[in-house]
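Record features, source TrEMBL:
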{"type": "BINDING", "residues": "41, 42, 43, 44, 45, 46", "note": "ATP binding site"}
{"type": "DOMAIN", "residues": "399-473", "note": "domain 'Lysidine-tRNA(Ile) synthetase C-terminal'"}
(Lines of atoms letter the chains of each structure in order from A and count residues from 1; the text may use other names and numbers.)
(Lines give C-alpha, C1' and ligand atoms only; values in the text may rest on other atoms or scores of the structure.)
Protein backbone atom coordinates (compact mmCIF):
# COMPACT_ATOMS: atom_id res chain seq x y z
CA UNK A 1 0.00 0.00 0.00
CA UNK A 2 1.37 3.44 -1.01
CA UNK A 3 2.65 5.55 1.87
CA UNK A 4 0.62 8.82 2.09
CA UNK A 5 2.70 10.69 4.71
CA UNK A 6 6.06 10.78 6.43
CA UNK A 7 7.28 11.71 9.90
CA UNK A 8 8.81 15.19 10.27
CA UNK A 9 9.63 16.66 13.69
CA UNK A 10 7.38 14.03 15.24
CA UNK A 11 4.45 14.97 12.99
CA UNK A 12 2.98 13.22 9.97
CA UNK A 13 3.49 15.32 6.83
CA UNK A 14 1.66 14.22 3.66
CA UNK A 15 4.02 13.38 0.80
CA UNK A 16 1.99 15.59 -1.54
CA UNK A 17 2.55 18.54 0.80
CA UNK A 18 6.28 17.89 0.87
CA UNK A 19 6.42 17.62 -2.93
CA UNK A 20 4.32 20.77 -3.33
CA UNK A 21 6.54 22.93 -1.11
CA UNK A 22 9.77 21.50 -2.53
CA UNK A 23 8.63 22.12 -6.11
CA UNK A 24 7.49 25.64 -5.24
CA UNK A 25 10.85 26.44 -3.70
CA UNK A 26 12.75 25.02 -6.68
CA UNK A 27 10.64 26.94 -9.21
CA UNK A 28 10.64 30.10 -7.09
CA UNK A 29 6.86 30.28 -6.96
CA UNK A 30 7.23 32.32 -3.80
CA UNK A 31 9.58 34.32 -1.64
CA UNK A 32 9.10 35.93 1.74
CA UNK A 33 8.04 39.25 0.15
CA UNK A 34 5.62 37.61 -2.33
CA UNK A 35 1.94 38.56 -2.36
CA UNK A 36 0.00 35.52 -3.54
CA UNK A 37 -3.69 35.51 -4.47
CA UNK A 38 -5.31 32.05 -4.51
CA UNK A 39 -8.37 31.53 -6.74
CA UNK A 40 -10.69 29.30 -4.69
CA UNK A 41 -14.06 27.98 -5.87
CA UNK A 42 -14.74 25.67 -2.93
CA UNK A 43 -14.18 22.48 -4.91
CA UNK A 44 -11.68 19.84 -3.86
CA UNK A 45 -8.91 21.13 -6.15
CA UNK A 46 -8.93 24.71 -4.91
CA UNK A 47 -9.47 23.78 -1.25
CA UNK A 48 -6.43 21.51 -1.44
CA UNK A 49 -4.46 24.34 -3.07
CA UNK A 50 -5.46 26.76 -0.32
CA UNK A 51 -4.55 24.27 2.41
CA UNK A 52 -1.16 23.61 0.80
CA UNK A 53 -0.46 27.33 0.46
CA UNK A 54 -1.21 27.81 4.15
CA UNK A 55 1.39 25.15 4.97
CA UNK A 56 3.92 26.80 2.67
CA UNK A 57 3.13 30.22 4.15
CA UNK A 58 4.10 28.97 7.61
CA UNK A 59 7.55 28.08 6.29
CA UNK A 60 8.17 30.95 3.86
CA UNK A 61 6.17 33.83 5.32
CA UNK A 62 4.64 35.26 2.12
CA UNK A 63 1.35 37.20 2.13
CA UNK A 64 -1.71 35.17 1.10
CA UNK A 65 -5.17 36.27 -0.01
CA UNK A 66 -8.19 34.46 -1.47
CA UNK A 67 -10.43 35.46 -4.38
CA UNK A 68 -13.78 33.72 -4.94
CA UNK A 69 -16.20 34.09 -7.85
CA UNK A 70 -19.91 33.54 -7.25
CA UNK A 71 -21.32 32.79 -10.70
CA UNK A 72 -24.88 32.44 -9.37
CA UNK A 73 -25.41 29.51 -11.74
CA UNK A 74 -26.17 26.89 -9.05
CA UNK A 75 -28.24 26.84 -5.87
CA UNK A 76 -25.14 25.83 -3.89
CA UNK A 77 -23.24 28.99 -4.87
CA UNK A 78 -24.38 30.98 -1.82
CA UNK A 79 -23.56 28.11 0.54
CA UNK A 80 -20.06 27.76 -0.93
CA UNK A 81 -19.40 31.49 -0.60
CA UNK A 82 -20.62 31.50 3.02
CA UNK A 83 -18.41 28.55 3.97
CA UNK A 84 -15.38 30.11 2.33
CA UNK A 85 -15.98 33.39 4.13
CA UNK A 86 -16.08 31.55 7.48
CA UNK A 87 -12.96 29.53 6.60
CA UNK A 88 -10.95 32.63 5.67
CA UNK A 89 -12.01 34.43 8.85
CA UNK A 90 -10.73 31.52 10.96
CA UNK A 91 -7.44 31.46 9.05
CA UNK A 92 -7.15 35.27 9.13
CA UNK A 93 -7.03 35.46 5.32
CA UNK A 94 -8.35 38.42 3.29
CA UNK A 95 -11.19 37.28 1.01
CA UNK A 96 -12.33 39.06 -2.14
CA UNK A 97 -15.70 37.97 -3.55
CA UNK A 98 -16.97 38.92 -7.01
CA UNK A 99 -20.58 38.16 -7.92
CA UNK A 100 -21.63 37.62 -11.53
CA UNK A 101 -24.75 39.76 -11.41
CA UNK A 102 -25.87 39.16 -14.99
CA UNK A 103 -24.88 35.64 -16.11
CA UNK A 104 -24.80 35.01 -19.86
CA UNK A 105 -27.59 33.03 -21.52
CA UNK A 106 -25.38 31.54 -24.25
CA UNK A 107 -21.72 30.45 -24.42
CA UNK A 108 -21.86 30.39 -20.64
CA UNK A 109 -18.54 28.60 -20.11
CA UNK A 110 -16.55 31.18 -22.10
CA UNK A 111 -18.41 34.13 -20.60
CA UNK A 112 -17.91 32.80 -17.05
CA UNK A 113 -14.19 32.33 -17.65
CA UNK A 114 -13.86 35.87 -19.00
CA UNK A 115 -15.67 37.25 -15.95
CA UNK A 116 -13.42 35.26 -13.59
CA UNK A 117 -10.17 36.46 -15.06
CA UNK A 118 -11.38 40.05 -15.29
CA UNK A 119 -12.19 39.85 -11.57
CA UNK A 120 -8.79 38.28 -10.83
CA UNK A 121 -7.07 41.10 -12.72
CA UNK A 122 -9.00 43.77 -10.85
CA UNK A 123 -8.16 42.33 -7.42
CA UNK A 124 -4.47 41.92 -8.30
CA UNK A 125 -4.25 45.52 -9.47
CA UNK A 126 -6.24 47.05 -6.62
CA UNK A 127 -4.67 44.98 -3.83
CA UNK A 128 -1.15 44.81 -5.32
CA UNK A 129 -0.78 41.03 -5.56
CA UNK A 130 2.10 39.82 -7.73
CA UNK A 131 1.05 36.18 -8.20
CA UNK A 132 -2.29 34.53 -8.97
CA UNK A 133 -2.47 30.79 -8.27
CA UNK A 134 -5.14 28.48 -9.64
CA UNK A 135 -5.80 24.80 -8.89
CA UNK A 136 -5.39 23.26 -12.36
CA UNK A 137 -3.98 19.75 -11.96
CA UNK A 138 -2.52 16.97 -14.08
CA UNK A 139 -5.89 15.56 -15.18
CA UNK A 140 -6.90 19.05 -16.36
CA UNK A 141 -3.75 19.06 -18.48
CA UNK A 142 -4.66 15.76 -20.17
CA UNK A 143 -8.20 16.99 -20.88
CA UNK A 144 -6.98 20.31 -22.24
CA UNK A 145 -4.38 18.80 -24.58
CA UNK A 146 -6.94 16.30 -25.90
CA UNK A 147 -9.46 19.09 -26.52
CA UNK A 148 -6.84 21.14 -28.38
CA UNK A 149 -5.90 18.20 -30.59
CA UNK A 150 -9.55 17.44 -31.34
CA UNK A 151 -10.22 21.05 -32.33
CA UNK A 152 -6.99 21.47 -34.30
CA UNK A 153 -4.79 24.53 -34.62
CA UNK A 154 -1.17 25.62 -34.68
CA UNK A 155 1.60 23.88 -32.79
CA UNK A 156 1.56 26.37 -29.91
CA UNK A 157 -2.11 25.63 -29.17
CA UNK A 158 -1.31 21.98 -28.42
CA UNK A 159 0.98 22.89 -25.53
CA UNK A 160 -1.94 22.82 -23.11
CA UNK A 161 -1.79 24.58 -19.75
CA UNK A 162 1.39 26.46 -18.85
CA UNK A 163 2.67 26.20 -15.31
CA UNK A 164 3.78 29.85 -15.26
CA UNK A 165 2.80 32.73 -17.52
CA UNK A 166 2.55 36.53 -17.32
CA UNK A 167 -0.78 37.81 -16.01
CA UNK A 168 -2.18 41.20 -14.94
CA UNK A 169 0.36 42.97 -12.70
CA UNK A 170 2.50 39.87 -12.28
CA UNK A 171 2.11 36.25 -13.21
CA UNK A 172 -0.25 33.28 -13.13
CA UNK A 173 1.07 30.09 -11.51
CA UNK A 174 -0.54 26.64 -11.55
CA UNK A 175 1.43 24.71 -8.92
CA UNK A 176 -0.71 21.52 -8.96
CA UNK A 177 -0.06 20.44 -12.57
CA UNK A 178 2.24 17.62 -11.47
CA UNK A 179 -0.47 16.07 -9.24
CA UNK A 180 -3.43 13.92 -10.29
CA UNK A 181 -7.06 14.33 -9.31
CA UNK A 182 -6.83 11.11 -7.30
CA UNK A 183 -3.91 12.50 -5.30
CA UNK A 184 -5.87 15.65 -4.50
CA UNK A 185 -8.86 13.62 -3.26
CA UNK A 186 -6.53 11.50 -1.11
CA UNK A 187 -4.88 14.60 0.36
CA UNK A 188 -8.27 16.18 1.10
CA UNK A 189 -9.38 13.01 2.91
CA UNK A 190 -6.16 12.73 4.91
CA UNK A 191 -6.31 16.42 5.88
CA UNK A 192 -10.07 16.24 6.56
CA UNK A 193 -10.83 19.15 4.26
CA UNK A 194 -14.39 20.30 3.58
CA UNK A 195 -15.14 20.89 -0.10
CA UNK A 196 -18.12 21.09 -2.45
CA UNK A 197 -18.79 18.95 -5.53
CA UNK A 198 -20.16 20.70 -8.61
CA UNK A 199 -22.70 18.24 -10.02
CA UNK A 200 -22.62 19.93 -13.43
CA UNK A 201 -19.16 18.39 -13.87
CA UNK A 202 -20.90 15.02 -14.24
CA UNK A 203 -22.98 16.07 -17.27
CA UNK A 204 -21.81 14.38 -20.46
CA UNK A 205 -23.22 17.02 -22.81
CA UNK A 206 -19.99 19.00 -22.20
CA UNK A 207 -16.90 17.85 -24.14
CA UNK A 208 -14.49 18.28 -21.23
CA UNK A 209 -16.74 16.15 -19.01
CA UNK A 210 -16.89 13.39 -21.63
CA UNK A 211 -13.11 13.33 -21.84
CA UNK A 212 -12.83 13.42 -18.03
CA UNK A 213 -15.18 10.52 -17.37
CA UNK A 214 -14.90 8.38 -20.51
CA UNK A 215 -11.47 8.91 -22.07
CA UNK A 216 -8.96 9.87 -19.37
CA UNK A 217 -9.73 6.81 -17.16
CA UNK A 218 -9.11 4.56 -20.18
CA UNK A 219 -5.79 6.27 -20.87
CA UNK A 220 -4.72 5.76 -17.27
CA UNK A 221 -5.58 2.07 -17.56
CA UNK A 222 -3.43 1.81 -20.67
CA UNK A 223 -0.46 3.41 -18.93
CA UNK A 224 -0.24 4.56 -15.33
CA UNK A 225 2.38 7.13 -16.39
CA UNK A 226 0.07 8.83 -18.90
CA UNK A 227 -0.25 12.04 -16.87
CA UNK A 228 3.53 12.44 -16.69
CA UNK A 229 3.78 11.75 -20.42
CA UNK A 230 1.19 14.44 -21.20
CA UNK A 231 3.16 16.85 -19.01
CA UNK A 232 6.32 16.03 -20.94
CA UNK A 233 4.48 16.39 -24.26
CA UNK A 234 3.15 19.79 -23.19
CA UNK A 235 6.61 20.97 -22.14
CA UNK A 236 8.23 19.72 -25.34
CA UNK A 237 5.63 21.54 -27.44
CA UNK A 238 6.25 24.75 -25.49
CA UNK A 239 10.02 24.44 -25.97
CA UNK A 240 9.67 23.65 -29.68
CA UNK A 241 7.41 26.66 -30.15
CA UNK A 242 9.86 28.90 -28.29
CA UNK A 243 12.71 27.80 -30.57
CA UNK A 244 10.59 28.33 -33.70
CA UNK A 245 9.41 31.76 -32.56
CA UNK A 246 12.95 32.84 -31.72
CA UNK A 247 14.43 31.69 -35.04
CA UNK A 248 11.59 33.00 -37.19
CA UNK A 249 11.34 36.21 -35.17
CA UNK A 250 14.99 37.00 -35.89
CA UNK A 251 14.50 36.23 -39.59
CA UNK A 252 11.38 38.40 -39.81
CA UNK A 253 13.14 41.27 -38.02
CA UNK A 254 15.99 41.08 -40.52
CA UNK A 255 14.16 40.41 -43.79
CA UNK A 256 10.66 41.94 -43.62
CA UNK A 257 10.31 45.56 -44.68
CA UNK A 258 7.27 47.54 -43.53
CA UNK A 259 6.01 50.26 -45.84
CA UNK A 260 2.76 52.19 -45.91
CA UNK A 261 -0.13 49.68 -45.83
CA UNK A 262 2.16 46.84 -46.91
CA UNK A 263 4.90 44.46 -45.83
CA UNK A 264 7.39 42.87 -48.21
CA UNK A 265 10.27 40.40 -48.19
CA UNK A 266 12.44 38.44 -50.61
CA UNK A 267 10.79 35.68 -52.64
CA UNK A 268 14.22 34.11 -53.16
CA UNK A 269 14.55 33.69 -49.39
CA UNK A 270 11.28 31.72 -49.30
CA UNK A 271 12.28 29.63 -52.33
CA UNK A 272 15.42 28.44 -50.52
CA UNK A 273 13.39 27.19 -47.55
CA UNK A 274 12.14 23.68 -46.97
CA UNK A 275 8.35 23.42 -46.84
CA UNK A 276 8.42 23.09 -43.03
CA UNK A 277 10.40 26.34 -42.77
CA UNK A 278 7.91 28.12 -45.05
CA UNK A 279 5.04 26.89 -42.91
CA UNK A 280 6.45 28.30 -39.70
CA UNK A 281 7.79 31.45 -41.35
CA UNK A 282 4.37 32.46 -42.66
CA UNK A 283 2.61 31.58 -39.40
CA UNK A 284 5.18 33.59 -37.42
CA UNK A 285 4.99 36.45 -39.91
CA UNK A 286 1.21 36.75 -39.65
CA UNK A 287 1.42 36.56 -35.85
CA UNK A 288 4.01 39.34 -35.93
CA UNK A 289 1.90 41.71 -38.06
CA UNK A 290 -1.43 40.90 -36.39
CA UNK A 291 -1.51 44.22 -34.50
CA UNK A 292 -1.31 46.03 -37.85
CA UNK A 293 -3.56 43.80 -39.94
CA UNK A 294 -5.97 42.06 -37.58
CA UNK A 295 -5.52 38.97 -39.79
CA UNK A 296 -5.46 35.48 -38.30
CA UNK A 297 -4.02 33.02 -40.82
CA UNK A 298 -6.27 29.98 -41.19
CA UNK A 299 -4.87 26.53 -41.88
CA UNK A 300 -6.71 26.37 -45.21
CA UNK A 301 -5.05 29.64 -46.25
CA UNK A 302 -1.68 28.27 -45.15
CA UNK A 303 -2.24 25.25 -47.38
CA UNK A 304 -3.00 27.55 -50.34
CA UNK A 305 0.21 29.52 -49.73
CA UNK A 306 2.32 26.36 -49.71
CA UNK A 307 0.62 25.13 -52.89
CA UNK A 308 1.48 28.38 -54.68
CA UNK A 309 5.17 27.88 -53.89
CA UNK A 310 5.07 24.30 -55.13
CA UNK A 311 3.73 25.54 -58.49
CA UNK A 312 6.77 27.86 -58.82
CA UNK A 313 4.79 30.74 -60.36
CA UNK A 314 6.54 34.11 -60.60
CA UNK A 315 3.29 35.96 -59.82
CA UNK A 316 0.22 35.00 -57.79
CA UNK A 317 -2.05 36.46 -55.17
CA UNK A 318 -4.34 35.19 -52.41
CA UNK A 319 -7.03 37.02 -50.51
CA UNK A 320 -6.23 36.97 -46.77
CA UNK A 321 -9.15 38.21 -44.72
CA UNK A 322 -11.51 40.88 -45.99
CA UNK A 323 -8.97 43.71 -46.38
CA UNK A 324 -5.59 42.15 -47.19
CA UNK A 325 -3.98 40.27 -50.04
CA UNK A 326 -0.77 38.20 -50.07
CA UNK A 327 0.96 38.17 -53.43
CA UNK A 328 4.18 37.25 -55.12
CA UNK A 329 5.53 39.83 -57.54
CA UNK A 330 8.57 38.25 -59.15
CA UNK A 331 11.39 38.94 -56.65
CA UNK A 332 9.19 39.99 -53.73
CA UNK A 333 6.38 38.65 -51.56
CA UNK A 334 3.99 41.39 -50.46
CA UNK A 335 1.19 41.56 -47.90
CA UNK A 336 -0.82 44.64 -48.81
CA UNK A 337 -4.18 46.21 -48.20
CA UNK A 338 -6.68 45.48 -50.94
CA UNK A 339 -7.03 48.33 -53.36
CA UNK A 340 -10.38 49.87 -54.07
CA UNK A 341 -11.65 48.87 -57.46
CA UNK A 342 -11.46 51.69 -59.96
CA UNK A 343 -14.77 52.74 -61.46
CA UNK A 344 -15.47 52.32 -65.15
CA UNK A 345 -15.39 56.12 -65.49
CA UNK A 346 -11.85 56.26 -64.10
CA UNK A 347 -10.68 53.45 -66.38
CA UNK A 348 -12.15 55.10 -69.48
CA UNK A 349 -11.02 58.64 -68.68
CA UNK A 350 -8.87 60.41 -71.25
CA UNK A 351 -7.54 63.65 -69.81
CA UNK A 352 -6.13 66.44 -71.98
CA UNK A 353 -2.55 67.23 -70.98
CA UNK A 354 -2.27 71.00 -71.32
CA UNK A 355 1.32 72.35 -71.47
CA UNK A 356 2.47 74.30 -68.41
CA UNK A 357 -0.37 72.87 -66.34
CA UNK A 358 -0.42 69.92 -63.98
CA UNK A 359 -3.14 67.35 -63.35
CA UNK A 360 -3.73 65.81 -59.93
CA UNK A 361 -4.76 62.34 -61.07
CA UNK A 362 -5.65 61.28 -57.52
CA UNK A 363 -4.34 61.62 -53.97
CA UNK A 364 -1.11 59.81 -54.78
CA UNK A 365 -0.37 60.79 -58.42
CA UNK A 366 0.34 64.06 -60.27
CA UNK A 367 1.44 64.67 -63.86
CA UNK A 368 2.55 67.75 -65.75
CA UNK A 369 3.96 68.85 -69.13
CA UNK A 370 6.34 71.75 -68.50
CA UNK A 371 8.94 73.76 -70.38
CA UNK A 372 12.48 72.75 -69.31
CA UNK A 373 13.09 76.05 -67.57
CA UNK A 374 9.93 75.58 -65.47
CA UNK A 375 10.52 71.96 -64.50
CA UNK A 376 13.48 72.43 -62.17
CA UNK A 377 11.27 73.23 -59.17
CA UNK A 378 9.54 69.84 -59.37
CA UNK A 379 11.67 67.45 -57.33
CA UNK A 380 11.39 64.12 -55.56
CA UNK A 381 10.97 64.13 -51.78
CA UNK A 382 11.12 61.52 -49.02
CA UNK A 383 7.49 60.60 -49.62
CA UNK A 384 7.10 61.41 -53.34
CA UNK A 385 9.04 59.75 -56.19
CA UNK A 386 9.59 61.35 -59.58
CA UNK A 387 9.59 59.91 -63.11
CA UNK A 388 10.55 62.35 -65.87
CA UNK A 389 11.96 62.53 -69.38
CA UNK A 390 12.34 64.90 -72.31
CA UNK A 391 9.54 64.85 -74.82
CA UNK A 392 9.31 66.58 -78.20
CA UNK A 393 5.75 67.26 -79.31
CA UNK A 394 4.61 68.52 -82.74
CA UNK A 395 3.08 71.98 -82.43
CA UNK A 396 -0.27 70.80 -83.80
CA UNK A 397 -0.52 67.68 -81.58
CA UNK A 398 -2.41 67.47 -78.33
CA UNK A 399 -1.39 64.90 -75.76
CA UNK A 400 -3.62 62.92 -73.43
CA UNK A 401 -3.07 60.87 -70.30
CA UNK A 402 -5.10 57.68 -69.95
CA UNK A 403 -5.02 54.06 -68.84
CA UNK A 404 -3.62 51.45 -71.19
CA UNK A 405 -5.88 49.08 -73.11
CA UNK A 406 -5.43 45.58 -74.47
CA UNK A 407 -3.41 45.61 -77.69
CA UNK A 408 -1.62 48.92 -77.04
CA UNK A 409 1.85 49.05 -78.61
CA UNK A 410 4.84 51.23 -77.81
CA UNK A 411 7.66 52.12 -80.23
CA UNK A 412 10.91 51.52 -78.30
CA UNK A 413 13.42 52.16 -81.12
CA UNK A 414 13.24 53.33 -84.70
CA UNK A 415 12.42 49.80 -85.86
CA UNK A 416 11.14 48.02 -82.74
CA UNK A 417 7.58 48.18 -81.50
CA UNK A 418 6.23 45.96 -78.79
CA UNK A 419 2.92 45.30 -77.12
CA UNK A 420 2.77 46.99 -73.74
CA UNK A 421 1.72 43.68 -72.19
CA UNK A 422 4.81 41.96 -73.63
CA UNK A 423 7.04 44.80 -72.41
CA UNK A 424 5.73 44.25 -68.88
CA UNK A 425 6.40 40.52 -69.08
CA UNK A 426 9.92 41.02 -70.44
CA UNK A 427 10.73 43.57 -67.75
CA UNK A 428 9.11 41.44 -65.01
CA UNK A 429 6.83 44.26 -63.93
CA UNK A 430 4.47 42.98 -61.17
CA UNK A 431 0.75 42.90 -61.92
CA UNK A 432 0.00 45.39 -59.16
CA UNK A 433 2.30 47.93 -60.84
CA UNK A 434 0.90 47.22 -64.30
CA UNK A 435 -2.56 48.13 -63.05
CA UNK A 436 -1.33 51.60 -62.08
CA UNK A 437 0.44 52.34 -65.36
CA UNK A 438 -0.57 55.38 -67.42
CA UNK A 439 0.15 56.11 -71.08
CA UNK A 440 0.65 59.44 -72.83
CA UNK A 441 -0.98 59.37 -76.27
CA UNK A 442 -1.95 61.62 -79.14
CA UNK A 443 -5.38 61.70 -80.75
CA UNK A 444 -4.55 58.56 -82.77
CA UNK A 445 -3.42 56.70 -79.61
CA UNK A 446 0.22 56.71 -80.60
CA UNK A 447 2.07 56.20 -77.31
CA UNK A 448 4.66 58.81 -76.30
CA UNK A 449 5.31 57.49 -72.80
CA UNK A 450 4.51 54.48 -70.63
CA UNK A 451 4.47 55.90 -67.12
CA UNK A 452 6.52 55.36 -65.03
CA UNK A 453 8.43 52.69 -66.94
CA UNK A 454 9.57 53.77 -70.40
CA UNK A 455 9.38 56.51 -72.99
CA UNK A 456 8.57 55.98 -76.65
CA UNK A 457 10.90 56.60 -79.57
CA UNK A 458 8.26 59.08 -80.76
CA UNK A 459 9.01 61.37 -77.83
CA UNK A 460 12.74 61.80 -78.55
CA UNK A 461 12.71 62.60 -82.26
CA UNK A 462 14.13 66.13 -82.33
CA UNK A 463 12.67 68.01 -85.28
CA UNK A 464 12.35 71.74 -85.95
CA UNK A 465 8.54 71.67 -85.90
CA UNK A 466 8.45 70.07 -82.44
CA UNK A 467 8.27 71.77 -79.04
CA UNK A 468 10.55 70.57 -76.26
CA UNK A 469 8.89 69.77 -72.91
CA UNK A 470 9.71 67.82 -69.78
CA UNK A 471 7.13 65.21 -68.82
CA UNK A 472 6.96 64.95 -65.04
CA UNK A 473 5.09 62.32 -63.05
CA UNK A 474 5.10 62.44 -59.24
CA UNK A 475 3.75 59.58 -57.18
CA UNK A 476 3.78 58.18 -53.69
CA UNK A 477 5.79 55.02 -54.15
CA UNK A 478 4.58 53.27 -50.99
CA UNK A 479 0.93 53.88 -51.87
CA UNK A 480 1.30 52.62 -55.43
CA UNK A 481 4.10 50.08 -55.11
CA UNK A 482 6.05 51.47 -58.05
CA UNK A 483 9.67 50.89 -58.86
CA UNK A 484 12.05 53.82 -59.01
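Even glycines carry a Cβ here, placed using N, Cα and C.
Of the listed binding-site residues 42, 43, the Cβ environment within 10 Å is emptiest of other Cβ atoms at 43. Sitting within 8 Å of the Cβ centre of 41, 42, 43, 44, 45, 46, and not among those site residues for ATP, are the Cβ atoms of 40, 47, 48, 49, 135, 195, 196.
Here the domain 'Lysidine-tRNA(Ile) synthetase C-terminal' (399-473) is broken down by DSSP into helix, strand and coil counts: 15 helix, 30 strand, 30 coil. Summed and averaged per residue, pLDDT over the domain 'Lysidine-tRNA(Ile) synthetase C-terminal' (399-473) gives 83.
Around residue 41 (ATP binding site), a 10 Å sphere centred on its CB holds 22 further CB atoms from the protein chains shown. A simple way to gauge crowding: the CB of residue 45 (ATP binding site) has 23 other CB atoms within 10 angstroms, across all the protein chains here.
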